[in-house]
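Data first, discussion second: the structure below is written as structure tokens.
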């Protein structure tokens, strides 16, 4: 539903109901009392033996009498053809305030006509009476699978960013001096781990982004006229998420084009690669936080602000791990061998120690790194915490999903 004029009947089990006009933007419904008063007359409702009956006369000539701020919300029905959408749900028995209709496939989910209908009074070529023979509930992908795609989208992308990317950043930043003589699959340990985790993360991101656009019918979400803060979060989630994925996709391309260790522009590349990586992680973390109030997750609706505090807590924990490891790196380099710097390629009498990551020179004077156990322990603790956060969110998401779409 988006930018729809709604003719609605709200009927209690006993007593009088009401016929009124409202407006739907993409996510919100607003009743239009003034428009209802000038457009509708002779409204009647009844609810007998489970059958709801509703009728009213629509005064199309009175559309100019609608207030200027809401006139665009009532379509001029005689100017075009429209699909009909039928929705039903429950309402408060005292105030008759509507609850949201079902958001899953089933008898309570809205039905849409395949055929368009026209409203005409004079010189009409369209039939006076339409028989709606074909209707459907969803296009492209059923709601059953749309919810499941959204849940897996969230779980896998959280794993990609907060487990794979976060740990890859720590390994790249603080593991370079460790295990200088050891290789993993023929490459320096830190580089192999960093590269493999980043590539796996990018692959997961591409798959998840393609799937989420597929379930949305390849339509970019736009916040409409009555955009609430939660709706704004949904729009920004799409923008920041796409931005983070593009930046993540650029990183391995830049890595492939990196200059040699002896190049004068290598420091510029190192800082640029680091900045883009940290910026994309920050954007991705903001994207995850923006997803918490979204309808398909149901996290804030069901768990309140608990998911918010878990997400904020993890982000602060990641920053703390970086600060502690940076402090360890700085304090461990006080008695370093001359010419050897943390996170730098070093030159010795026989050549460059890490000039070629695949073939380190054995007789280059590489200092034995200090506090290796402390560095490894912090990264392992971070790995456990990041996995635990990912599992916690997965459990919450699946519990919400199974509660309304088993």
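Every residue gets a Cβ built from N, Cα and C, even glycine.
Where the annotation comes from TrEMBL, it is an automatic prediction and has not been curated.
Residues or ranges marked as domain 'Cytochrome b561' in TrEMBL: 116-328. What TrEMBL lists as transmembrane segment is 150-175, 196-216, 236-257, 269-289, 309-328, 378-402.
With respect to Cβ pairs under 8 Å, the transmembrane segment (150-175) is most closely packed against 378-402, considering the stretches 236-257, 269-289, 378-402. Under 8 Å from some Cβ of the transmembrane segment (269-289) lie the Cβ atoms of residues 154, 157-158, 161-162, 165-166, 169, 173, 237, 240-241, 243-244, 247-248, 250-251, 254-255, 258-259, 263, 308, 311-312, 315, all in the same chain and six or more residues away from its ends.
Averaged across the domain 'Cytochrome b561' (116-328), the predicted model reaches a pLDDT of 89.
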